Amino acid sequence: MPFRALIDACWKEKYTTARFTRDLIAGITVGIIAIPLAMALAIGSGVPPQYGLYTSAVAGIVIALTGGSRFSVSGPTAAFVVILYPVSQQFGLAGLLVATLMSGIFLILFGLARFGRLIEYIPLSVTLGFTSGIGITIGTMQIKDFLGLQMPHVPEHYLQKVAALAMALPTINVGDAAIGVVTLGILILWPRLGIRLPGHLPALLGGCAVMLVVNLLGGDVATIGSQFHYQLADGTQGNGIPQLLPQLVLPWDMPGSNFTLSWASLQALLPAAFSMAMLGAIESLLCAVVLDGMTGTKQKPIAELIGQGLATLSRRSSAGSLPPRRLPARRRTSAPGATSPVAAVIHALLVILALLILAPLLSWLPLSAMGRPAADGGMEYERGA
């Protein structure tokens, strides 16, 4: 049942100051990773970066409270870039929001139908082949920003995308490529230093340092602030990431939305919504099973699926002028040292603080560095993670 993991960890078991300290450290650690990763995955899905932060924050809290795994943390995942990008290109932001709402309903139905118990029957070869394909696709999608290629339109199909990337190679931006190489190099080499701090933040800082050098030399680098713009419900416009929380608004009432809610549009979105729900269910339950093996605990698959569905619906209700509904809440990772879902809540609160306080600074992040966290997630999928 929902809230079971939270009740077991914090109510039935004695929750002490020492356990809270461990949860605090674990939540901050995962939050540091989540901030750049959430923005990178939003960009990879074809939507502005703030939506990734909204998803990471709202989903992180809701699933922590209602899900069935006490150690996992939820948010946007690299796997969904493959599904969400075509939907956002065809139906726009509002259509993607509606598709995500539909996927949340599917997830709740999966939980009520006890779909979670069927996960153990999926062959390992199917899982490895599926995740490898996702990893390769994500890596390919990051080449454009990594090299700073000039591509007004990126084809939807993979082979056409590879051909378009090859044709655009003469437009490579040396500054963007240098930032991407340094960021990727730090991500790869950082674990060898034996430092417990995750490598995502140092990699971004290294990329920003290279960006400063490129700017001093007169080069031009694409940043979040130069490539993304927003418009609030009151008509206020700006560049980069808005410094505010999401507010309630219907997707078809969003500023600039041309989506019309109709039976025909729902039918068109149904395959994508079902795919999102299936992928979210499979990935969440597989990760929960892995965490069970690492921690010696027992997940609650029914509560896990219902919690995932509730998180998706809650992101729909907290949308507002900048709806966080673009990315389904499916990233499942463990909070190192965590003892309860409190760590996931702390991770979400850290993301919210970054959104409210650091939004102007986040807008200066170079796009070629932002693609590296997403590609890093893609490499994990290619290894069958």
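Note that Cβ sites are derived from N, Cα and C of the backbone, with glycine treated the same way.
What TrEMBL records for 20-371 is domain 'SLC26A/SulP transporter'.
The transmembrane segment annotation in TrEMBL covers 24-44 (among others).
According to TrEMBL, the feature transmembrane segment maps to 91-112 (among others).
Annotation source TrEMBL lists transmembrane segment at 124-143 (among others).
Feature annotation from TrEMBL assigns transmembrane segment to 163-189 (among others).
According to TrEMBL, the transmembrane segment annotation covers 201-218 (among others). Distant neighbours of the transmembrane segment (201-218): 32, 36, 175, 178-180, 182-184, 186-187, 190, 364-366, 368-370, 372-373; these residues of the same chain sit at least 6 beyond its ends, with a Cβ under 8 Å from one of its Cβ atoms.
The feature transmembrane segment is assigned by TrEMBL to 268-291 (among others).
As annotated by TrEMBL, region 'Disordered' applies to 316-336.
The annotation transmembrane segment is assigned in TrEMBL to 340-362 (among others).
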*What else in the chain is close to the transmembrane segment (163-189), if you only count residues 6 or more beyond its ends and a Cβ gap under 8 Å?*
140, 143-151, 153-155, 199-200, 202-204, 206-207, 209-211, 214, 219-222, 366-369, 371-373, 375-376
*Give, as a single whole number between 0 and 100, the mean pLDDT over the domain 'SLC26A/SulP transporter' (20-371).*
78
